[in-house]
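S.K.: Here it is: the structure, laid out below.
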Amino acid sequence: VEGSLVQFETMIMKLAKRSGFFWYSFYGCYCGWGGHGLPQDPTDRCCFVHDCCYGKVTNCNPKTATYSYTEENDGIVCGGDDPCKKQVCECDRVAAMCFRDNKDTYDSDKYWKLPPQKCQEDPEPC
């Protein structure tokens, strides 16, 4: 794993105070690789919105583009001169804040390693 996926993990640790890999890689219909069906809860919606955000990125690969950011107070400020990399940073920043803001509705008993048949509905548009 390289580029922004490592940076995304770091942001999640900073803002949500938990590992993105361990908490969000296999959650709901959208957290982790791919995504199908309808978001199952607010945390899964964070991942859906993040996937949509990555889908709108042009001129760089959001999974490998390395961006710059600074930590200020308890937040993240995206920087740099490359508009594409800055957009990737913003996608990650918004998702990490979303995870933080929805920790109280996270339900591992219900949505961790959700069977694929639970994610068969037609997806909503981004």
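Just so you know, the numbers here start at 1 and follow the chain as drawn.
Glycine is no exception: its Cβ is also placed from the backbone N, Cα and C atoms.
So Swiss-Prot says this about it:
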type	residues	note
DISULFID	Cys29-Cys119	disulfide bond
BINDING	Tyr30, Gly32, Gly34, Asp51	Ca(2+) binding site
DISULFID	Cys31-Cys47	disulfide bond
DISULFID	Cys46-Cys98	disulfide bond
ACT_SITE	His50	active site
DISULFID	Cys52-Cys126	disulfide bond
DISULFID	Cys53-Cys91	disulfide bond
DISULFID	Cys60-Cys84	disulfide bond
DISULFID	Cys78-Cys89	disulfide bond
ACT_SITE	Asp92	active site
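Looking at the shown structure, can you explain where the listed features end up?
M.R.: Cβ neighbour count for Cys29 (disulfide bond) (all protein chains, 10 Å cutoff from its Cβ): 25.
Under the three-state DSSP scheme, Asp51 (Ca(2+) binding site) falls in the helix class.
Its own atom aside, the Cβ of Cys98 (disulfide bond) has 18 Cβ atoms within 10 angstroms in the protein chains shown.
Counting every protein chain shown, the number of other Cβ atoms lying within 10 Å of the Cβ of His50 (active site) is 23.
Long-range C-beta contacts of Cys126 (disulfide bond), restricted to its own chain and to partners at least six residues apart, with a cutoff below 8 Å, comprise Asp51, Cys52, Gly55, Lys56. Look at Cys126 (disulfide bond): DSSP puts it in coil.
The Cβ neighbour count for Cys53 (disulfide bond), using a 10 Å radius over every protein chain in view, is 18.
In this view, Cys84 (disulfide bond) is surrounded by 16 other Cβ atoms within 10 Å of its Cβ, with every protein chain counted.
In the three-state DSSP assignment, the secondary structure recorded for Cys78 (disulfide bond) is strand. The Cβ neighbour count for Cys78 (disulfide bond), using a 10 Å radius over every protein chain in view, is 18.
Listed in sequence order, Ser4, Gln7, Phe8, Met11, His50 are the same-chain residues six or more apart from Asp92 (active site) with CB atoms under 8 A from its CB.
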S.K.: Based on Cα distances to Cys47 (disulfide bond), point out the closest of the disulfide-bonded residues Cys60, Cys78, Cys98.
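M.R.: Minimum Cα distance from Cys47 (disulfide bond) across Cys60, Cys78, Cys98 lands on Cys98.
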S.K.: Please list, in sequence order, every residue of the chain apart from Tyr30, Gly32, Gly34, Asp51 whose Cβ lies within 8 Å of the Cβ centroid of the Ca(2+) site.
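M.R.: Residues close to the Ca(2+) site, other than Tyr30, Gly32, Gly34, Asp51: Cys29, Cys31, Trp33, Gly35, His36, Cys47, Phe48.
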